[in-house]
């Protein structure tokens, strides 16, 4: 479990850095656990360089039995939909002309239940597109309509990866709605945009990351199954969003150091956090190629002979759509009466860009990773 967590974190960080290069000042959001689960399913049917590249990019070198490693995380996170509005949908759609081998079907059945679907891209393209769109819409309770953009599939599509993930959090401690005020959010040194700023005074786990002049806070969601970790620069110091130093120094090792519970302690905090919603449709293909997935998308070099005897099979497209919404909503915040008096309070005022992680606490896996740069 630990090896898989480290692998997932390393992949998350590397893909995040790729996405930041593409959009230095934009909001970023993706679900690393969705992508790595889907790619690990594709790896079961891959051989040779294709299988090796997936293993390297996803950092599976030290992970024993990858497919069953994902199963407890996936089933655990799926159970959380009774506490939160949370869905992680991962699908591999395969054209029926591939005649999947019985070995591939049986080896993926248990660890990837419901994640593999055979469809007809070749002869019933429009019908298949409609089926995928309506299926994802239903699975995400209507959050995502028409997940497949124009020209995302063709009658030549053999393998399609579709991820759809959304989360509307409910906090352990509710933010009082009467305290939410419009405030300026500094998107850089000179410009601001108005934002609805939520305010709460309570005890949270707080830490300082001196190397990058940042603070980090852990905000638990209801029942503490998930937490949001926010890394906030003490000020906007660069000419961009103020996150350049974090993005430069971020790697799998530094992320582990920054989020290590031993570097944080409980403190009384005066917290200000914007209400926000980030919805992203990312096309991770180019980023995954940059990380080393060279043959996966290339018909002339990909090898999916572990899945089918058909030659020239590659992954045609990866659709990754995610949405995260943060509001005041949460449980009743019970603070001890009188405990506020005469106590020093730390301030955590997220009125400028920050990096955030939504973590599954039991397995410490990253469910969502992103940055909020602008309302």
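Cβ from N, Cα, C; glycine included.
Record features, source Swiss-Prot:
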- 99: N-linked glycosylation site (CARBOHYD)
- 133: N-linked glycosylation site (CARBOHYD)
- 188: N-linked glycosylation site (CARBOHYD)
- 298: N-linked glycosylation site (CARBOHYD)
- 361: N-linked glycosylation site (CARBOHYD)
Work through the glycosylation sites one by one (99, 133, 188, 298, 361) and point out the residue whose CB has the fewest other CB atoms within 10 angstroms. 99
If one measures from the C-alpha of residue 298 (N-linked glycosylation site) to the C-alpha of residue 361 (N-linked glycosylation site), what distance in angstrom results, rounded to a whole number? 37
From 133, 188, 361: glycosylation sites whose CA lies within 10 A of residue 99 (N-linked glycosylation site): none
Check the DSSP secondary structure of residue 298 (N-linked glycosylation site), expressed as helix, strand or coil. coil
Would you kindly give the Cα-Cα distance separating residue 188 (N-linked glycosylation site) and residue 133 (N-linked glycosylation site), rounded to the nearest Å? 38
